[in-house]
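This report refers to the structure that appears directly beneath it.
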Amino acid sequence: SGGPDYDVPLGRRDGLSFATRNATLQNLPAPFANATAILSSLATKNFDPTDVVALSGGHTIGISHCSSFTGRLYPTQDPTMDQTFAKNLKQVCPTANSSNTTVLDIRTPNKFDNKYYVDLMNRQGLFTSDQDLYTNSRTRGIVTSFAVNQTLFFEKFVAAMVKMSQLSVLTGMAGEIRANCSVRNANNNSLLASVVEEEARSEY
């Protein structure tokens, strides 16, 4: 989709169980959260404001259900939202409980670029958690810098993604190295571990 290529550290083990819905939501700021709440939440994961704004740039691609943002449209419109943008959203989501979807980035919805930040500067951020990054004084300058410099955004996005890939890493015998990334191992844990150890010894 046009985003940056980057290397991530190898060797991360997969967990033996999937995260519960509650655990996931506890670690993922809601779309109606403001910048202060998001900064506080992600600071507990050692992310600074630049990391937070860069990771939010992932919203340059993807879609959202109406339910994630209709609170900004009904019963009264969020004053930080551009009038024309709001009018168009109301056509997609004619009621507060509409089940339709729309794109996160109206400028280049299928391209990973810095136009998400241009959206914010034009008051066309879809979620409160998006638009408030431009409203908030701690993050406004970072949004502007990414809007005018895609290379800088890509650089900071990569740094934040690598940092995120190293959260809560499992060590020792915890977790497993999957033979197939999309499914848990059946009964081949010991076999796979010995193969990995053999490979590692052969490289020295």
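Just so it is clear, glycine is given a Cβ too, placed from its N, Cα and C backbone atoms.
Any TrEMBL annotation is an automated prediction that lacks curation.
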Cysteine from Cys66, Cys181 that TrEMBL links to Cys93 by a disulfide bond: Cys66
Cβ neighbours of Pro29 (substrate binding site) where a neighbour is any other Cβ within 10 Å: 19
Thr108 (Ca(2+) binding site) versus recorded positions His59, Cys66, Cys93 - nearest by Cα: His59
Environment of Thr60, Asp105, Thr108, Asp113, the listed Ca(2+) site - residues of the same chain whose CB lies within 8 A of the CB centroid: Ile61, Arg107, Pro109, Lys111, Phe112, Asn114, Lys115, Tyr116
Cβ neighbour count within 10 Å of Asp105 (Ca(2+) binding site): 26
